[in-house]
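Pasting the relevant annotations from TrEMBL:
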type: ACT_SITE; residues: Y288; note: active site, O-(5'-phospho-DNA)-tyrosine intermediate
type: COMPBIAS; residues: 793-812; note: compositional bias 'Basic residues'
type: DOMAIN; residues: 2-112; note: domain 'Toprim'
type: DOMAIN; residues: 128-574; note: domain 'Topo IA-type catalytic'
type: REGION; residues: 162-167; note: region 'Interaction with DNA'
type: REGION; residues: 774-812; note: region 'Disordered'
type: SITE; residues: H32; note: site 'Interaction with DNA'
type: SITE; residues: R138; note: site 'Interaction with DNA'
type: SITE; residues: R139; note: site 'Interaction with DNA'
type: SITE; residues: D142; note: site 'Interaction with DNA'
type: SITE; residues: W154; note: site 'Interaction with DNA'
type: SITE; residues: R290; note: site 'Interaction with DNA'
type: SITE; residues: R475; note: site 'Interaction with DNA'
Amino acid sequence: MKNLVIVESPAKAKTIEQYLGKDFVVRSSYGHIRDLSKKGMGIDIPNRFLPSYEVSPDKKKTVTELRKLAKEADAVWLATDEDREGEAIAWHLAEALNLNVAETKRIVFHEITKPAITQAVANPRQVDLNLVNAQQARRILDRVVGFELSPILWKKIRTGLSAGRVQSVAVRLIVEREREIDAFTPVSSFKVSGELYTLNAQGQPDEMLPVKRLAAFDDEASAQAYLASLTGATFSVAQLDQKPAKRSPKPPFTTSTLQQEASQKLGFSVKQTMVIAQRLYESGKITYMRTDSVNLSEVAIGQAKDVITKRFGANYSHPRRYKTKQADAQEAHEAIRPTDFSVTEVGGERNEQRLYQLIWARALASQMSEAELLRSQVDIAIAPSNNELLVAKGEVVTFEGFMKVYNLDGQKDQDVLLPALKVGQNLQPVLLQAKQSFSRAPARYNEASLVRTLEEMGIGRPSTYAPTIDTIQQRGYVIKEDREGSPRAVRLLSWQAGQVKAETLEEITGSEKNKLFPTDIAGIVNDFLVKNFGQVLDFQFTAQVEAKFDQIAMGQQAWQDMLEDFYHKFHPNVELAETLSREEAGQARLLGNDPKTGKPMLVKIGRFGPFVQLGDGENDEKPTFASLKPGQKMDTIKLEEALELFKLPRVLGDMPEAYHAAAADGTPFGVEQGQTITAKQGPFGPYLEYGEKQFAPIKGYDPLSITLEEAVLVIEAKIQADADKIVRSFPSTDVKILKGRWGPYITDTVTKVNAKIAKDEDPMELTLEECQTRLAAAPPPKKRGRAAAAKKPAAKRAPAKKTTTKKVTAKK
């Protein structure tokens, strides 16, 4: 074998192998092959932060195979991605495969096309140790912060918690935004709008002119007085103004702008966007998707010009060369674009086509002419008032330009065409309204807006946005969900035919879709970290750390010096925090005292979530506890609300009549008449208890207000659902066949082990022995918690030092 090319993914390997020919064998490393040792910290801090690397257990077979192929090859080419992560993977491959790093060929490309691959092979370089060290510094720093902070959270707040340099800053943003919303008080105002009409030759209303008053009224009385004053007034055109305007296209996508636009227009999560973009890149459809650059290559600009001219005409073409604003833009030197602008369909699944179309349109639009508009404004005078004006605005697109392929707001622009008017022309009022509106609280973050904020603050880089957002959700600090709004009364004043009518409407406010909500534990951890590790949680400091990584990547900073500077400021705070008590950690909040007993009421966080505690356990008197209801927050719950929680458990009454249901195999389910029904609040939410250890979760009901009749309906539905779920049971055993999301399956109700049933099998024909055999061969249920650390191999050292006076790297 002459040449071995190693890439990160099998899909990428398959595409590249088609271009290189028979003299090249392309294999995949399946991503990172080594990481810091999981036994201990994996970092020798006194020895200049010397890292100890080990091959990941699931990659040992891959490394063995690659090592064998490397020995057989005349030359090994490392073709991992062109960013810092890719450079680090290339270095780790060279180390793990016993290659000479200085002599091993490193090739990079930002698109997987034959010309790009051919050019890369013709221009190999060495592994860039500055980029490796920038990635290594980030990985070591994040391990140190997490390794030293997380145990403190376990001791002082709750086991199982974690902290991270970037993730904790992201959580802080979300927690602080939620508190801004909680503290916000909406301000009411009344905005005036209405319909005026031109008059035809017969003096009848002809064309409608939508108008509004620019200034709002602070209160209803002022708005009502204004509308009343319009009776008998005359309306005429005081001024006409028409101005040409232009709208420019936005630059092609960077990683963050792609994530934001895919969220807004396609409804994709940040993670989903990156997974799909990865597939498009690996199949050669788009350029590399982790980039903060907005510029396009000259070849791409020329290709876009040809496609635009051919499809739309020369007047639609306007080549642009965008400049990346960030001084810290990373090494992927081109924006995200199609590898071939003439391709509009890429096949594959529907979402791949949707994301590709978005990328294609944005990149092509960036090379198109500006849209030309004509904007109109009409000022309408009201007599006898000298100062009052109403305004009508219109906008017409006179030349689509880039909007032919890409619309900025995600919707088709609709022209607002005003009727032909002249100064002094009288208009007839038909309807004028003053509707109450309320100022809005700051918007909660969704994934896309959080990415935008992190980028604007200089926190994180293209490769870290998606993992950060995924991590804070996986670790239980943030929940992404939809929430229903609540009704709110709104006043509407209408002037028509000289009369003012007032009415009260209802609108829904506060509804949310795919927004990020902090959990209670997020608030507690955030407050503890901000108080005791303010520097680590400081937004500006975090951005400065990112800038130092960039300096390392450019060879302007030694990575060990950067880490030592950080650690010498950080570690003393760790030692100080170790001395704090759990009370000093601030996990409890005093709400006040119970007016009946005088006992203190506290809100705390526990293993299963937030709860209130009545009493402090002094004088050998045991405190009582109650879980918070869904929607209640530790930060905002009041004493009165906490007292209500101690009204549970609440006896609703007895089952008025028996209710029974039978499973498909005849297994009986039911409840007898006269069984007591009790509403309770548990660690996982409210539920009903009935019969002997029978429970039904309450969804959509408040345990403090649910009626007996409603509870009976919930219980009957639960009994029927339990019966419907069973396909077959085996008497005197714990083995059952149940209906699952993907079809029937076998389960042991005690061990919780599950076994599959093939689609073409009839579950009713399976014997008990067959079910038990499958359960015995099935894997045990997944357990929560950390897996045991793998055995630590010999330490692998940091990248070798280059023989250059400019670039500073790790010692060998």
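Cβ coordinates are placed from backbone N, Cα and C, and glycine is handled just like the others.
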List the helix, strand and coil residue totals of the region 'Interaction with DNA' (162-167) as derived from DSSP.
1 helix, 0 strand, 5 coil
Which of the recorded sites D142, W154, R475 has its Cα closest in space to the Cα of R290 (site 'Interaction with DNA')?
D142
Cβ under 8 Å to the region 'Interaction with DNA' (162-167), counting only same-chain residues 6 or more beyond its ends: which ones?
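Residues 141-142, 145-146, 149-150, 153, 459-460, 464, 468, 471-472, 475, 477, 525, 529, 536, 542, 545.
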Cα distance, Y288 (active site, O-(5'-phospho-DNA)-tyrosine intermediate) to R139 (site 'Interaction with DNA'), nearest Å?
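Answer for this pair: 22 Å between alpha carbons.
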For the domain 'Toprim' (2-112), DSSP counts of helix, strand and coil?
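In the domain 'Toprim' (2-112), the DSSP-based counts are 40 helix, 26 strand, 45 coil.
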Helix, strand or coil: which one is W154 (site 'Interaction with DNA') in, per DSSP?
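In three-state terms, W154 (site 'Interaction with DNA') counts as helix.
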Please list residues from the chain of H32 (site 'Interaction with DNA') whose Cβ is under 8 angstroms from its Cβ, counting only those at least six apart in sequence.
S56, K59, E85, A88, I89, H92
Could you check which of the recorded positions (R138, Y288, R475) sits closest to W154 (site 'Interaction with DNA'), going Cα to Cα?
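Of all the candidates listed, R475 is nearest in space.
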Please name which of the recorded sites listed here, R138, D142, R475, is nearest in space to Y288 (active site, O-(5'-phospho-DNA)-tyrosine intermediate), Cα against Cα.
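So, of the listed recorded sites, the one sitting closest to Y288 (active site, O-(5'-phospho-DNA)-tyrosine intermediate) is R138.
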Near the Cβ of W154 (site 'Interaction with DNA'), how many other Cβ atoms are there if near means within 10 Å?
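So the Cβ neighbour count for W154 (site 'Interaction with DNA') comes to 13.
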Sequence gap of 6 or more, Cβ distance under 8 Å: name the residues on the same chain that satisfy this around R138 (site 'Interaction with DNA'), in order along the sequence.
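Same-chain residues close to R138 (site 'Interaction with DNA') (Cβ under 8 Å, separated by 6 or more) are R84, F549.
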The domain 'Topo IA-type catalytic' (128-574): mean pLDDT?
94
Do you know which of the recorded sites R139, R290, R475 has the most other C-beta atoms within 10 angstroms of its C-beta?
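Compared across R139, R290, R475, the most Cβ atoms within 10 Å surround R290.
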Could you round the CA separation between R475 (site 'Interaction with DNA') and D142 (site 'Interaction with DNA') to a whole angstrom and send it over?
16
In this structure, which of the recorded positions D142, Y288 has the fewest other Cβ atoms within 10 Å of its Cβ?
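Counting other Cβ atoms within 10 Å of each of the recorded positions D142, Y288 gives the minimum at D142.
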